[in-house]
Amino acid sequence: MKPAQIEEMFRRFQAHNPDPRGELQFINPFTLLVAVVLSAQATDASVNKATEPLFKIVQTPAEMVALGEERLRPYIRTIGLFNTKAKNVIRLSEILLAQHGGEVPKQREVLETLPGVGRKTANVVLNIAFGEATIAVDTHIFRVGNRTGLAPGKTPREVEDRLEKVVPPAYKLHAHHWLILHGRYVCKALKPDCPRCLINDLCQFKGKLLAVDPVAPTSPKSLAKKGKSENAKGSGKAKGKPSPKRARLKKKKGPA
Ligand code: SF4
């Protein structure tokens, strides 16, 4: 993608959703850190379901340590890998208490030393809790970066480094959320909603479908509301025979 196209892409994201938010629920930097650790290979919705009652009684590292691993487990047992995650959450709470005065550190290299915290988790915490212009590359951003031609890369780190270079500074703070929401609700892995995509004309994905109405594209935000119920039920169109164009798109799946 050319710089002017990238600028236009983010201009449109911003126009449609000026204040994008993540979907994980949290109260403070510590509960955000816990929620992000729990969200590895799990959906935000499943994490929110577990943390809603948990965060009513635990909001600090001291309270988490007092709760203990045994009593933490039942709260998070619906989340994948909950045994390992329970261990990590208790251990990282102990470290925050012993070495960081009970605060979540603001330095990436320190965050990454905590159990269960990798580069992606550190990027999310730095971005959301501390307002740093980091871009955590998850499966959605990896796909969107590659498909659209915005930031091609073979690994999440390659995509992240590319995004660092090409995203205009004015859009960096919110780029993470715009791209995640776009990948989650519009540029979906199996059925990207190209005909209603906000950036259809800018996207370089060879298998994309044409926009049905380029002057009235649908934003990720509105699709987020609408898409959930439609996905659950399956729209009439989705149930029918796929159009030849859609069948062609299915065969040409982009990198996920
Ligand atoms: S046009 Fe299709 S492939 Fe390209 S970004 Fe939009 S939804 Fe994704």
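Placement of Cβ uses the backbone N, Cα and C atoms for every residue, glycine included.
Heads up, TrEMBL stuff is auto-annotated, nobody curated it.
Note that the structure is a prediction, hence the values are computed from the model and not measured.
What TrEMBL annotates here:
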type	residues	note
BINDING	C187, C194, C197, C203	[4Fe-4S] cluster binding site
COMPBIAS	236-256	compositional bias 'Basic residues'
DOMAIN	38-185	domain 'HhH-GPD'
REGION	215-256	region 'Disordered'
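The Cβ of C203 ([4Fe-4S] cluster binding site) has 22 neighbouring Cβ atoms from other residues within 10 Å, across all protein chains displayed. In the predicted model, the domain 'HhH-GPD' (38-185) shows an average pLDDT of 96.
Across the domain 'HhH-GPD' (38-185), DSSP helix (H, G, I), strand (E, B) and coil residues number 101 helix, 0 strand, 47 coil. Using a 10 Å radius centred on the Cβ of C197 ([4Fe-4S] cluster binding site) and all shown protein chains, the other Cβ atoms total 27.
Taking all protein chains in view, 21 other C-beta atoms sit within 10 angstroms of the C-beta of C194 ([4Fe-4S] cluster binding site).
The DSSP secondary structure for C197 ([4Fe-4S] cluster binding site) is strand.
Sequence-distant neighbours of C187 ([4Fe-4S] cluster binding site) (same chain, 6+ residues apart, CB-CB distance under 8 A): H140, R143, V144, R147, T148, D193, C197. For the [4Fe-4S] cluster site, the Cβ centre of C187, C194, C197, C203 serves as reference, and the other residues of the chain with Cβ at most 8 Å from it are R147, T148, V186, P192, D193, I199, N200, F205, K208. Annotation note: C187 ([4Fe-4S] cluster binding site) sits in a coil segment as assigned by DSSP.
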